[in-house]
Amino acid sequence: MAVKKNKNVPKQEDPLVQKDEISSIHARIKIFETPFATQVLNPKVSEFCANCLRGPAPGEKLLRCGGCNFSMYCSKECQATAWLVHKPECKRLKASFPNLPLTEVLFLSKVIDRIQFLEKNGDKLGIEAERKFSSLVDHKVDIRDDEEKMAHFEKIFEKMGAFRGEEMIEKGEFFDVFCKATINSHSIHTNAGNEVGMALDLGVSKYNHSCRPTCSMVFDGYRVCLRPLVPGVDAENTEEAFISYIDVGRSKYIRRRDLNSRWYFNCECTRCMDPEDDALTAIRCANPACDAPILTSETEEPMNIACEKCKTIVEEDTVKAAQEYMKTLPASFDPKCPAEIEALPGKLKELLAKAEQILHPSNVYVARLRTALFHVTGTLTMDNLSSMHTQIYNNYKMCFPKADRHVGFQLLHIVKALIEKDERDEAMPYAFDAMNIFEVCFGLDHPYYLQTLALWTYLEKKIPKSTEELVQLTNFSDNRPIDIVSLLKRANMLPPPPYAAGTPGVA
């Protein structure tokens, strides 16, 4: 039986974001603020404006459209601006009451309305300034060969016909819309990572995926700010600016599976082609006294592997069992019913206990199980909580760019654990790194940056603050968006709103 030599050569530690890099990064942002179509998720309609996709101002409530009694707006100005898009939709919603169409149906219907508007009136608003809708990649052949996707198309086609009635387009034409929108649309999130809507932006759709992205998408409602995560990258340049289509904090096997299931390509980015990415799926050495990771992956041919550090042989059966166990673990934990929610903590503990026996502590599955358990229960059984957070942080550094907000959030978990142990000097550099990351990700005027700046200042200046006061600064409750509008105004890039008249009242 062949024996694989396990090479475990650690990469040289990348420095975190330096202050002299930040101004360089800010100078090369790219802003998109004319989407082709947007839609708030149905469960979020009462929380976010149907026009700007922002939440209401503090102390304010959304105003409901008096025509359809469904769409809601943060102001009369937003409702008036949206009328050009909402007018044809409004009467359909009223006619379909009390049957509410799926979010996807409402979204694709808006895409159809936009296409028809452009055909009739031309592109007066610059919606197709970045590229034409007709130029979008559609993967029609792949979608036709995908039985599950085609079954979904038939379902959506039927529901769209019921919603649009006599205004429904021919099936082949709708298939073209369905394919282009499926491949090129993106989700809209708050800064806390909560999904609130979906959008098709022709400019954003130009950017390719990388599991080692060089830019992040930051949202201000439907507006997108593309911010470089590394110095030297210009967000305008699609040859060097890459975004992530998926959650990149996972193994190569899971990333490629998800990318292929929706976008129909096998990712060969620099990270997916890097053998060291297998550190994310490392297993334990057979020698209990050895802490070296044994590199493998879920899909690698099982074989005996020799530990590079202690030379112990990890048997093929052990390797295969670990690979199979990783494949059985859920990619995410999203319980749907009260019984599942109640059972989740126990299930997570059981899965984690087995994972820790066979998988290395640096394994991404272990990190995700620990993170899920921490979020569900607020506690972990490990004696040294800061050590656990440091392990997850080291794992995140293998998954995310050094200026990614996920890394910043994990740094704050370390800061919190150290503060609670009264190790404030040790917490201070982690707070500083988190502050620099949030400056890159969110900007100088965002609450996340300002809050972390205050935390670092208190620690660095040794200002007398209670543990409770410092810990409070590690918890983010403000979900305010990045103020991209102010950036546009400063750059004189904000266009006037389209002409709107004859809007119905708001309640």
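A Cβ is built for glycine as well, from the same backbone N, Cα and C atoms used for every other residue.
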- Message: Suppose you had to name the range Swiss-Prot annotates as zinc finger; which of 49-90, 217-258, 343-384 would you pick?
- Response: 49-90
- Rounded Cα-Cα span from C52 (Zn(2+) 1 binding site) to H86 (Zn(2+) 2 binding site), Å: 13
- Task: Restricting to the same chain and to sequence separations of six or more, state which residues have a Cβ under 8 Å from that of C78 (Zn(2+) 1 binding site).
- Result: C49, A50, N51, C52
- Task: Using C-alpha atoms only, work out the spacing between C74 (Zn(2+) 1 binding site) and C65 (Zn(2+) 2 binding site) and round it to an integer in Å.
- Result: 11
- Query: Which numbers of helix, strand and coil residues does DSSP report for the zinc finger (49-90)?
  - Reply: 15 helix, 5 strand, 22 coil
- Message: Cβ within 8 angstroms of the Cβ centroid of C49, C52, C74, C78: which residues besides those meet this for the Zn(2+) 1 site?
- Response: F48, A50, N51, L53, R54, P56, L62, Y73, S75, Q79, A82, G221
